[in-house]
Amino acid sequence: MEAVTIVDVAPRDGLQNEPDVLEPATRVELIERLLAAGVPRIEIGSFVNPRQVPQMAGIDQIARMLIERGHNLAARTTNDLFRFTALVPNQRGYELAAAAGLRHVRLVLAASDGLNRANFKRTTAESLIEFSRFALNIRRDGLTFGVAIGAAFGCPFDGYVSPERVRAIAEHAVDIGAGEIILADTTGMAVPTQVAALCRTILDRIPDVTVTLHLHNTRNTGYANAFAAWQVGIRSFDAALGGIGGCPFAPRAVGNIASEDLVHLFNGLGVPTGIDLSALIAASDWLSATLGRPLPALVGKAGPVYPQVVSMAPYLS
């Protein structure tokens, strides 16, 4: 069965809403534990103003420490995606990421003006204009980039977000050179039928670009949404170790879907991820101890039924 790629965003989206700021060395240890478990892609942080998001302070130091410890920030996965990425909200963030050695970055905006204003102090259209300008610099510098579309399934401020608006943003992003589109359910508003419909539309309209789904489990629909997306052809998913995460600019944006719970789901479906579930659960236990609290992920508490990828042949005959 065709493999899926899991992008662990715990070092960025997972930690950015935590009350305590972890030292760069601790965040590097988190990244290395994810790598040791076989996680193929990791979002190492975001190049944002540390006064606004203090949890991301020292991201340039993290990149430097990874290089010093022998990690190649230009390394690629078996399906030719860059192993390391980071979020950049603007031109300055991109310049810092490029100077730190990143070869892939994720630009971010919201599909709704309400969330985009809360996060970036501008409308979605204004963010797209800025992206068009500095995408030229990204391509000139030989880097690649994706565009993360927040509030793709609904906005905590504006409510309904039309699929046509999301599609138009995704197509514009591809037109300016994006090689990845990340559809984000920022506050966990989506339901499976909605996810399947939008993912199918985006896959049909931009078939040659990686489409990644970024889900929050705010209302306990995250894993059903992931399964619905997989059924229509999504093969790349963001998730966060332990199910931690949230957005400081979006009310109630709690909890990414947990990497270990998602791996367990795919193991049971017979879908390879390349990730060692036991090692991932151990990493989650370490993160729980580091943060000093239980984490939302469940498979480590209950114990896995599917510690490895299983054959679905008995169920399909």
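Every residue gets a Cβ built from N, Cα and C, even glycine.
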Matching residue for the divalent metal cation site, where Swiss-Prot names H214, H216, N256 - out of D8, D13: D13
DSSP three-state assignment (helix, strand or coil) for R12 (substrate binding site): helix
Other C-beta atoms that fall within 10 angstroms of the C-beta of N256 (divalent metal cation binding site): 31
Separation of alpha carbons, N256 (divalent metal cation binding site) and R12 (substrate binding site) (Å): 11
CB contacts for D13 (divalent metal cation binding site) [other CB atoms within 10 A, all chains]: 27
